[in-house]
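Structure, as C-alpha cells:
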Amino acid sequence: MLRGTLLCAVLGLLRAQPFPCPPACKCVFRDAAQCSGGDVARISALGLPTNLTHILLFGMGRGVLQSQSFSGMTVLQRLMISDSHISAVAPGTFSDLIKLKTLRLSRNKITHLPGALLDKMVLLEQLFLDHNALRGIDQNMFQKLVNLQELALNQNQLDFLPASLFTNLENLKLLDLSGNNLTHLPKGLLGAQAKLERLLLHSNRLVSLDSGLLNSLGALTELQFHRNHIRSIAPGAFDRLPNLSSLTLSRNHLAFLPSALFLHSHNLTLLTLFENPLAELPGVLFGEMGGLQELWLNRTQLRTLPAAAFRNLSRLRYLGVTLSPRLSALPQGAFQGLGELQVLALHSNGLTALPDGLLRGLGKLRQVSLRRNRLRALPRALFRNLSSLESVQLDHNQLETLPGDVFGALPRLTEVLLGHNSWRCDCGLGPFLGWLRQHLGLVGGEEPPRCAGPGAHAGLPLWALPGGDAECPGPRGPPPRPAADSSSEAPVHPALAPNSSEPWVWAQPVTTGKGQDHSPFWGFYFLLLAVQAMITVIIVFAMIKIGQLFRKLIRERALG
C-alpha cells in the first residue's frame with residue numbers, strides 16, 4: 001500500500017516537471033505548447049515533446065502537413081492548426097493521435113483530405129474543417145467517428161454531399177454546412193442524427209426543402225436556411241421538429257408558403273421570413289406559438305394580409321411588415337389576438353388608407369411606425385384605447401389634415417413625427433392645429449410639419465401659422481351674399497384671392513360684377529371727407545382762442 005502511494009507520488013512529481021520548450025514556441029501551461037511561424041512541412045523539426053496534451057500552431061507557411069509531424073503523440077487531446085497555408089494533409093498524419101478529442105484545421109488552404117485520414121480518432125468529439133477550399137469529401141471520411149458531437153464544414157466550396165456521409169455520426173449535436181455551394185441535400189443524409197440540436201445550412205444555393213428531409217431530427221432546436229435560393233418547401237416539412245425554437249428562412253426565393261406550415265411549431269421563439277418575394281400568405285399559417293416574440297416580414301411582394309393572420313401568436317412583441325411597396329391595404333382584423341404586441345412596424349409600404357379598428361385590442365402597443373406610405377387621412381378612432389402608446393411615426397406620407405382628437409387620450413405619448421406630408425393649411429386643419437399648439441414638445445423639430453398650401457403659407461411650419469380667425473368659414477362654408485344677375489358673375493382665379501394672415505381665409509369666395517354704378521358710394525365718401533375737414537378746422541381755431549385767453553388771465557393775476 002505504502003509502496004504504491006510512493007510510486008504514484010514520484011510519477012506525479014515527474015509529470016509536474018516542466019519539459020524543455022522549443023525555441024519557436026511558448027509553453028505557458030504544463031503539457032501545452034503554442035507555436036507560430038515556420039514551415040508546415042518541418043513541424044517535426046520543432047522538437048515538440050511526445051507527452052503534450054495540447055498543441056496550438058498558427059501562422060505557418062505554405063506547404064503539406066507531413067505524416068511524421070505528430071508521430072508518437074499518443075496522449076495528445078487537442079490539436080489546433082489554424083490561420084496557416086496548409087494546402088494538403090498527407091495520409092497517416094494523425095495515425096498516432098488515438099486519444100485526440102478536438103481537431104481544428106480552420107482557415108487554411110486545404111482542397112482535399114485522404115479518405116482514411118481520421119480512422120484512428122475514435123474518441124474525437126470536435127472536428128473543425130471550416131474556412132478552407134474543400135470541393136468534396138470522401139463518403140467514408142467520418143465512418144469511424146462514432147463519438148463526434150460537433151462538425152464544422154462551413155465556408156468551403158462543397159457542392160455535393162454523399163447520402164451516407166453522416167451515417168455513423170449518431171451522437172452529433174452540431175452540424176455546420178453553411179457558406180458552401182450546395183444546391184440540394186440527398187434523401188437520407190440526416191437520417192441518423194436523432195440527437196442533432198443545431199443544423200446550419202445558410203448561405204448555400206439550396207432550391208427546395210423536400211418532404212421527409214428533417215423527419216429524424218426530433219431534438220433539433222436551431223435550423224438556419226437563410227440566404228439560399230429556396231423556391232419551395234414541402235407541406236409539413238417542420239412537423240416532426242417539436243423542439244425547434246429558432247428557424248430562419250429569410251433571403252430566399254419563396255413566392256408562397258404551404259398552408260399550416262408552422263401549425264405544429266409550438267416552441268418557436270425566432271422565425272424570419274423577410275426578403276422573400278411572397279405574394280400572399282395562406283389564411284392558416286401559424287399554430288399556437290406562446291414563445292414567439294419577434295416576426296419580420298420585410299421586403300416582400302405582399303398586397304395585403306389575411307384577416308387574423310397572426311391570431312395564434314399571442315405573445316408576439318415585435319412585428320414588422322415593411323419595405324413592401326405593393327402592400328396597399330390591410331383588413332380590419334389584421335392584428336387580432338396580438339394583445340402583447342409592443343412594436344408594430346408598417347413603414348415603407350404602399351398603404352393608402354387604414355381601417356378604423358386596425359389597432360383595436362393592442363393595449364400594450366408602445367411604438368407604431370406608418371412612415372413612408374401613401375396615407376392621405378387617418379380614421380378618427382385609429383389610436384383609441386392605446387393607453388401605452390409612446391411613439392407614432394407618420395412622416396413622409398400624403399396627409400392633408402387630421403381630426404383634432406386623433407391623438408386624444410394617449411397619456412404616455414412622447415413623440416409624433418409628422419414631417420414631409422401634404423398639409424393643407426385651410427380651415428379644415430383648425431381643430432388639429434389647436435391640438436398641435438398645445439403639444440409642440442411631441443413633434444420632432446428636425447423635420448417639422450410644413451404647409452403644402454395654399455398660397456403664401458406653403459412651406460411654413462404648422463405651428464408658425466397665426467392664431468384663430470373669426471372670419472374662418474364654418475363647416476358649411478361662408479354665408480350667402482346678395483349677387484347681381486347670375487349671368488354677370490364670374491369666380492376669381494385662386495391666384496387673385498385676397499391675402500390674409502390666416503391660412504384658411506383665402507378659400508372664401510370673391511366675386512365681381514360688370515356695369516355696376518358706384519357713383520353714390522363715391523359721392524357719400526367725398527362728403528364725409530369734407531365734413532371731417534371742416535370739423536378739424538373749427539376745433540383747431542377754438543383751441544387757439546382758448547390758449548390766448550388763458551395766457552391773458554395769467555398776466556393779469558401776476559400784475560394784481
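Backbone N, Cα and C define each Cβ position, glycine as well.
Among the features that Swiss-Prot reports, domain 'LRRNT' is placed at 17-50. The domain 'LRRCT' annotation in Swiss-Prot covers 421-474. Per Swiss-Prot, the feature repeat 'LRR 1' maps to 75-96. Positions annotated as repeat 'LRR 2' by Swiss-Prot: 99-120. If you look up Swiss-Prot, you'll see 123-144 marked as repeat 'LRR 3'. The feature repeat 'LRR 5' is assigned by Swiss-Prot to 171-193. Under the heading repeat 'LRR 6', Swiss-Prot lists 195-216. Feature annotation from Swiss-Prot assigns repeat 'LRR 7' to 219-240. Under the heading repeat 'LRR 8', Swiss-Prot lists 243-264. Residues or ranges marked as repeat 'LRR 9' in Swiss-Prot: 267-288. Positions annotated as repeat 'LRR 10' by Swiss-Prot: 291-312. Residues or ranges marked as repeat 'LRR 11' by Swiss-Prot: 340-361. Summarising the annotation, Swiss-Prot assigns repeat 'LRR 12' to 364-385. Per Swiss-Prot, repeat 'LRR 13' is recorded for 388-409. Residues or ranges marked as topological domain 'Extracellular' in Swiss-Prot: 17-523. Per Swiss-Prot, the feature topological domain 'Cytoplasmic' maps to 545-560; the stated evidence is sequence analysis.
Mapped onto DSSP helix, strand and coil, the repeat 'LRR 9' (267-288) counts 0 helix, 4 strand, 18 coil. Beyond the repeat 'LRR 11' (340-361), the same-chain residues lying 6 or more positions past its ends with a Cβ under 8 Å from any Cβ of the stretch are 314-334, 367-386, 388, 393. With a cut-off of 8 Å between Cβ atoms, the residues of this chain six or more beyond the repeat 'LRR 2' (99-120) that come close are 62, 74-91, 93, 126-138, 140-145, 152. Beyond the ends of the repeat 'LRR 5' (171-193), by six or more residues, the same chain brings 130, 146-165, 199-208, 210, 212-214, 216-217, 224, 229 to within a C-beta distance below 8 angstroms of the stretch. Over the repeat 'LRR 9' (267-288) the predicted model carries a mean pLDDT of 95.
A Cβ distance under 8 Å defines the sequence-distant neighbours of the repeat 'LRR 13' (388-409), meaning residues of its chain 6+ beyond its ends; these are 342, 347, 363-378, 380, 382, 415-424, 428-432, 434-435, 439, 444, 447, 452.
Non-local neighbours of the repeat 'LRR 10' (291-312) in the same chain are 245, 250, 255, 267-283, 285, 318-324, 326-338; each lies 6+ residues outside the stretch with a CB under 8 Å from one of its CB atoms. With a threshold of 8 Å between CB atoms, the same-chain residues lying at least 6 positions outside the repeat 'LRR 12' (364-385) that come near it are 322, 328, 339-358, 391-403, 405-407, 409-410, 412, 417, 422. Long-range contacts of the domain 'LRRNT' (17-50) within its own chain (CB-CB distance under 8 A, at least 6 residues past either end) are made by residues 56-66, 68-75, 84-86. Assigned with DSSP, the residues of the repeat 'LRR 6' (195-216) fall into helix, strand and coil as follows: 0 helix, 5 strand, 17 coil. With helix defined as DSSP H, G or I and strand as E or B, the repeat 'LRR 8' (243-264) counts 0 helix, 4 strand, 18 coil.
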